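Novice: I have a structure here, written as structure tokens, and I will follow up with some questions on it.
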Amino acid sequence: MKPSQRMHGLVQHINAVAQQLGLDMLTVKKEYIFRTWVTISAPLTYAVFGVYWGFLEARRHWLEGIKSSIMLGGLVSGSAKLLTILLRHTPIRDLLHFFIKICEDYEQRGVDFIHALNFGIDRVYKIQRIIFVGYSITFLIMLLMPLVLLFYKGIRITVMPYEIPGLSIDSNIGYGLTYLQHTIPEVVGGIGFYLGDMLVLLALNQIQTFADIFQLKATALNDALERKEQSRYVCSVGEYKDFNIQALLMDLINWHQLFVDYCELVEKIYDNLIAAQVFAASVSIVICLCVNLNEFDLISAIFFLVSAYSMSVYCIVGTQIEFAYDQVYQTVSCLSWHELSCEQRKLYMMMLQRAQNMKIIVLLGITPLSLGTALQASELDFCFGNLLAKNNI
């Protein structure tokens with residue numbers, strides 16, 4: 001399949017997932033249908049019932065109050081994803097169409113560009129499989145484990161860490177209604193987490209693809225510059241060959257400008273979502289560690305895994321983006337600039353300056369999105385969670 005066909009299929013897959021939540025990403029004008037309101041109600045119901053129940057449990061014992069708030073991080077990150085999709089529908093839709101257009105344009109330019117595009121799409125599919133399998137397994141366990149414990153051991157636990165006022169889980173009707181109500185935000189949350197992650201990670205991974213395309217363009221320019229250098233040894237005095245250097249240089253500069261503008265646009269669209277995802281996952285890890293270091297709790301242990309790998313995926317992709325920035329800078333630095341004319345060198349210096357000062361993705365202006373941040377956050381989470389557990393704060 002052509003890269004444009006593969007990208008079109010990937011975009012259609014993301015849109016099909018969004019349509020399950022009533023969020024059509026490819027429409028010119030977003031519409032609020034019944035499923036849209038169900039999706040919006042999911043975090044609202046958890047916020048109302050979860051906060052109320054957590055306050056009641058905290059009055060009995062601090063640990064019970066913390067248990068009731070283990071999914072608070074999921075509420076924050078899920079709400080951030082939902083608000084981003086609703087409020088920034090138009091730029092996200094334009095980005096999806098832009099990805100397809102880039103594939104359509106550059107698959108016509110040769111095998112090397114087709115390979116670069118396919119390699120970038122393969123990266124997205126690998127991440128897609130990771131997050132799909134991860135969310136599917138964890139959320140299915142969270143939904144099915146209460147039923148398994150009920151049928152085999154007669155133990156009644158809830159899917160979400162709260163009970164609905166007026167419904168006792170000790171009665172069959174009360175437990176059944178509670179389970180059904182918990183299923184709605186659980187299913188909506190699982191699909192919403194997957195949708196939000198796919199939108200963000202697709203956009204972030206294109207930075208690496210654009211860096212690969214930049215390197216191909218730079219290689220073409222470098223080859224022309226080397227041919228120009230070699231021609232001096234065989235050309236007659238006064239003979240001049242251009243080797244199309246000006247056109248190749250302008251093509252490279254224009255692509256670098258597009259690369260810089262794209263990176264800034266992605267950060268502008270998804271900055272709050274990425275920050276909320278990483279910091280909410282970090283808070284969830286602290287809470288789940290605190291609960292499980294005191295006594296084992298199945299739901300918090302499962303949600304700990306969800307939060308840990310979700311934060312790790314984002315930070316690993318952030319590290320790969322930093323490598324892409326370094327790749328672009330090294331590519332610019334290794335150009336045979338001494339073969340350029342004076343006017344061309346001025347243009348080259350402007351591009352080099354931009355490459356040296358690429359704006360990395362920073363979480364709330366505090367720390368960069370990278371694997372180092374994930375390791376630091378994990379260390380702080382473990383120390384803080386262990387401190388809470390030991391001192392019974």
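Each position is counted from 1, following the chain as shown.
Any Cβ shown, glycine's included, is placed from N, Cα and C.
Pulled these from TrEMBL:
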type	residues	note
TRANSMEM	32-56	transmembrane segment
TRANSMEM	68-87	transmembrane segment
TRANSMEM	130-152	transmembrane segment
TRANSMEM	187-207	transmembrane segment
TRANSMEM	273-292	transmembrane segment
TRANSMEM	298-317	transmembrane segment
TRANSMEM	360-378	transmembrane segment
Novice: Okay, the transmembrane segment (273-292) and the transmembrane segment (130-152): do they have at least three CB pairs under 8 Å, pairs separated by 6 or more?
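Specialist: Taking Cβ pairs at least 6 residues apart, the transmembrane segment (273-292) and the transmembrane segment (130-152) are not in contact, as fewer than 3 fall under 8 Å.
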Novice: Using Cβ atoms and a strict cutoff of less than 8 Å, what residues sit near the transmembrane segment (187-207) while being 6 or more residues removed from its termini?
Specialist: 10, 14, 17-18, 20-21, 23, 25, 38-39, 42-43, 74, 77-78, 81-82, 84-85, 92, 95, 99, 102, 120, 123-124, 127-128, 131-132, 135-136, 139, 143, 259, 262-263, 266, 269-270, 273-274, 277, 310, 313-314, 317-318, 321, 324
Novice: What else in the chain is close to the transmembrane segment (68-87), if you only count residues 6 or more beyond its ends and a Cβ gap under 8 Å?
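Specialist: Beyond its ends, the transmembrane segment (68-87) has Cβ neighbours at 18, 23, 25, 30, 39-40, 42-43, 46-47, 50, 53-54, 57-58, 160-162, 189, 192-193, 195-196, 199, 269-270, 272-273, 276-277, 279-284, 287-288, 291, 297, 299-300, 303, 306-307, 310.
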Novice: By Cβ distance under 8 Å, which residues at least 6 away from the ends of the transmembrane segment (32-56) in the same chain are close to it?
Specialist: 20-23, 65, 68-69, 71-72, 75, 78-79, 82, 160-165, 181, 184-185, 188-189, 192
